[in-house]
Protein chains: 2
Amino acid sequence: MQARAIALLRGENARMTHARKAIVDLVFSVNSPISAISVLKGLAKKDIGVNKTTVYRELSYLVKSNILKEVFIKPNSIHYESALLPHHHHLICNNCGSVEEVDCVINERKLLQKIKSKGFDLKTHKFELYGTCASCS
Amino acid sequence: MQARAIALLRGENARMTHARKAIVDLVFSVNSPISAISVLKGLAKKDIGVNKTTVYRELSYLVKSNILKEVFIKPNSIHYESALLPHHHHLICNNCGSVEEVDCVINERKLLQKIKSKGFDLKTHKFELYGTCASCS
DNA sequence: CTTCATGCAAATCTTTTGCACGAAT
DNA sequence: ATTCGTGCAAAAGATTTGCATGAAG
């Protein structure tokens, strides 16, 4: 997966700096959406010194380059995940905050079945649709 | 609708202060999710002097009282809408940021049909599921 | 009169910006 | 060499907190 990200970056003549590589590696290695601050802490823990500003700028850059995606699952903190994963949804625990992926299901029966099979007690869901409204197109 | 909100508030012996009433009135009168800052500005425009802190505290209080709901449709800004509305989803324009409600649709055919009938050009959607995960229950 | 709500200022947290320096090609 | 990336410090935007005053029941 990282290989494909690296290939995409080369495609737009991005320089392969140590910060860029470390950030891509980290975001791709965790299995759920991660915030800029968690990236910062994660890098620090690996003794990779990357500045906060660089982390924010790099994450934005990677979103623009279609390597990462923004995920708004928590208030007031943008999370990022690989944009190269197949389309999926998230199961977010109200209690511990854990985020688990489920592949795209639009059919209710299939959805409920999938969720039950994971032992997840569904309380609410949000289905936000993005695009261009009639008056803008 | 406001009447039911007022009734709920009386139910928990909340004091009917002018700030509380003005905030409930405002949030219920706009037709899409609104941020704390927009509430603040909206009240100012009506020459209702309510402090920023009060707005934030009141919105939290109304969420806790199940009169309002938090909606995370934009990064880094919590929006609020009536919790008394029937379950619905949102059509969010990437261009102008407008938010339009659509009632709950889980069936894809029905969904695509509803969206097309509104002239909305769907690009992406987010379906976030909240509840309790297996290890927490 | 007593509990609850408010205002103000300051703090906190996340993210952005300006500018000068440093590194990759 | 030139362009792109980085660090630092400071600013900006959203939200929270502490504390003292004020209003509703």
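Placement of Cβ uses the backbone N, Cα and C atoms for every residue, glycine included.
TrEMBL: automatically predicted annotations, no manual curation.
Positions annotated as Fe cation binding site by TrEMBL: B:H87, B:E108, B:H125. Around B:H87 (Fe cation binding site), taking its Cβ as the centre, 8 other Cβ atoms fall within 10 Å, counting all chains.
Under a cutoff of 8 A between CB atoms, and with a sequence separation of 6+ in the same chain, B:C136 (Zn(2+) binding site) has no neighbours. What TrEMBL lists as Zn(2+) binding site is B:C93, B:C96, B:C133, B:C136.
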Filtered binding-site residues - B:H87, B:C93, B:C96, B:C133, B:C136 - keeping only those with Cβ under 8 Å from chain A
B:C93, B:C96, B:C133, B:C136
C-alpha spacing of B:H87 (Fe cation binding site) relative to B:C96 (Zn(2+) binding site), in angstrom
24
Can you tell which of the binding-site residues (B:C93, B:C96, B:C133) has the fewest other C-beta atoms within 10 angstroms of its C-beta?
B:C96
